[in-house]
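Per TrEMBL, the features are as follows:
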type: DOMAIN; residues: 1-120; note: domain 'MGS-like'
type: BINDING; residues: 9, 13, 35, 36, 37, 38, 55, 56, 88; note: substrate binding site
type: ACT_SITE; residues: 61; note: active site, proton donor/acceptor
Ligand SMILES: O=C(CO)COP(=O)(O)O
């Protein structure tokens with residue numbers, strides 16, 4: 001069982017929920033962790049259980065980063081919005097930096113998420 005982080009910026013939350021619904025059976029075999037709003041929406045729209053962290057701008061991205069550097073997260077699915085500025089951009093950068101540093105598979109879009117999930 002893999003420990004999978006689920007995060008999406010606001011304009012990408014619909015995409016992530018659709019992706020999670022499409023992969024519901026597979027995702028249900030894993031331990032899911034999500035930032036507050038993303039995780040709540042995934043649960044509401046798919047029925048999947050997601051352990052909820054703080055909302056991203058309130059520290060949720062940093063909580064996922066801490067999980068990564070402590071070896072408590074195996075995969076990060078993070079649908080980033082490349083067309084909008086984020087008030088917590090420094091947190092977003094810190095999270096993607098730690099995923100890179102610790103060699104955690106990081107999917108920033110649906111195609112990559114499909115490939116990563118197929119491999120776990
Ligand atoms: O902002 C986020 C990622 O940077 C996501 O946070 P929420 O899921 O709480 O909206």
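Glycine residues also receive a Cβ, built from the backbone N, Cα and C atoms like all the rest.
Automatic, uncurated: that is what TrEMBL annotation is.
Structure with TrEMBL features highlighted.
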residue	record	Cβ within 10 Å
9	substrate binding site	21
35	substrate binding site	27
37	substrate binding site	20
55	substrate binding site	16
61	active site, proton donor/acceptor	27
88	substrate binding site	17
Composition by DSSP (helix, strand, coil) of residues within the domain 'MGS-like' (1-120):
64 helix, 19 strand, 37 coil
Checking the contact step here: among the binding-site residues 9, 37, 88, which have a Cα within 10 Å of the Cα of residue 61 (active site, proton donor/acceptor)?
88
Cβ-centroid neighbourhood (8 Å) of the substrate site, 9, 13, 35, 36, 37, 38, 55, 56, 88 excluded:
7, 8, 10, 57, 60, 61
Diameter of the substrate binding set by C-alpha atoms, the set being 9, 13, 35, 36, 37, 38, 55, 56, 88, in angstrom:
17
